[in-house]
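Q: Just lifted these from Swiss-Prot, have a look:
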type     : residues                     : note
ACT_SITE : 243                          : active site
ACT_SITE : 277                          : active site
BINDING  : 220, 221, 222, 223, 224, 225 : NAD(+) binding site
């Protein structure tokens, strides 16, 4: 039973597909995709459930969402294993993802009240009130790199606001999506409030093309995000929240504590096998002996990063990529850069045929002309050398993306300048690019997206504001506008 529609598990009528553990190649899920008719049924179920769900007191919706958080806590070990086996990420990282899902609930409840609750202002003759109302039926598209945490950042605030949801996980992580929905089912969500449709591109296009959805919340690649934007063009009545990729720069201007800088760089570039949208893709290093020493140390430490299975002991820093195809694609990107004139500082190696185990790669791109401005979603780091800080900022901004940017330097003045000139939604100073706080916005500008998903700021796009001028009584004003004449005794 692949799909959950209107409170019932049912098989899909679309093509069958399966997902393997990308390292040991064991099948972890198999089922069928939803066909277009079943997608329409899921949207219809969400539409039917919307009025009663939206009318529930907020406290009642909150209670169900908090029950979901409690079930996450109780099922943490099991869900960690599901996410780890399906994505290839190490146990410690999969467990951290589940913890982030749990923490998201309390933050989302607070964000609802602070950002989208009711606000009242007294007026001389009444009051002004700001309220927020749910959009209706929202489609949520989940990515594969954080198959629990990132969709959760859309679904939790959407449900708290009173929306109903049709959720399509990535076709590369169907088991994680199913496991999370089963916890929502146990939490007591009414039938139709949350629906699950599995499948790939055809299922996704059927969902985004549904006339009866009121919006679409997406986290994933820029290629897919741009396609969705085109598909929904001319429909301003629908909310479209896109959080996409990045070609993110990390500027190493003054690496004084070399090992600390190397550690930060590895955390920025290679965590999650480079499969975070905020990962550093471009390392900008000042020319000179200090930069040379830093790069030498970075290569030395990075070549010790040997990926292994999600449940390997001792636990590795890196697991596998999401699939063998993903690992091959990153390896091909390295070969293309070498063919274009890049100098390999650390060669990425495919460790075992048929698996997704890929070691990190580092290539010096300083002398390569006409570099394609695309996100390589994996552990491949390009290096560019520069002479002046002005040149570094220009290199950092030489991208159509605008997700994250970082500076390693003891000089606050340089960070202040970067804050003014960087074109990115996240700008960090002596902190990894991959670090994020749930109370801060997460997202970018340009080709990186148009909204800020996750907890605090997700509340903004999960409800629309309603303004009211209110008075319990109505009396004729003592002073009338020019041209109005109400003579006493004329009214009958």
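Heads up, the Cβ atoms here are built off N, Cα and C, so glycines get one too.
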Q: Can you tell me the CA-to-CA distance separating residue 222 (NAD(+) binding site) and residue 243 (active site), as a whole number of Å?
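A: The separation of the Cα atoms works out to 8 Å.
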Q: Do you see any of the binding-site residues 223, 224, 225 whose C-alpha is within 10 Å of residue 277 (active site), and which ones?
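A: Qualifying among 223, 224, 225: none.
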Q: Is residue 225 (NAD(+) binding site) helix, strand or coil when read with DSSP?
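A: Once the DSSP labels are grouped into three classes, residue 225 (NAD(+) binding site) ends up as helix.
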Q: I'd like to know which of these binding-site residues, 221, 222, 223, 224, is least surrounded, judged by other CB atoms within 10 A.
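A: 223, out of the binding-site residues 221, 222, 223, 224, has the fewest neighbouring Cβ atoms within 10 Å.
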Q: In whole Å, how far is residue 243 (active site) from residue 220 (NAD(+) binding site) when you measure between their Cα atoms?
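A: Distance between the two Cα atoms comes out at 7 Å.
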Q: If I take the alpha carbons of residue 224 (NAD(+) binding site) and residue 243 (active site), what is the distance between them in whole Å?
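A: Counting only the Cα atoms, the answer is 11 Å.
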Q: When you average the Cβ positions of 220, 221, 222, 223, 224, 225 for the NAD(+) site, which other residues in that chain have a Cβ within 8 Å of that mean position?
A: 218, 226, 227, 228, 244, 245
Q: Ten-angstrom check, please: count other Cβ atoms within 10 Å of the Cβ of residue 225 (NAD(+) binding site), all chains counted.
A: 22
Q: What binding-site residues in the list 221, 223, 225 lie within 10 angstroms of residue 243 (active site), counting C-alpha atoms?
A: 221, 225
Q: Which has the fewest other Cβ atoms within 10 Å: 220, 243, 277, the recorded positions listed?
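A: Ranked by other Cβ atoms within 10 Å, the recorded positions 220, 243, 277 bottom out at 220.
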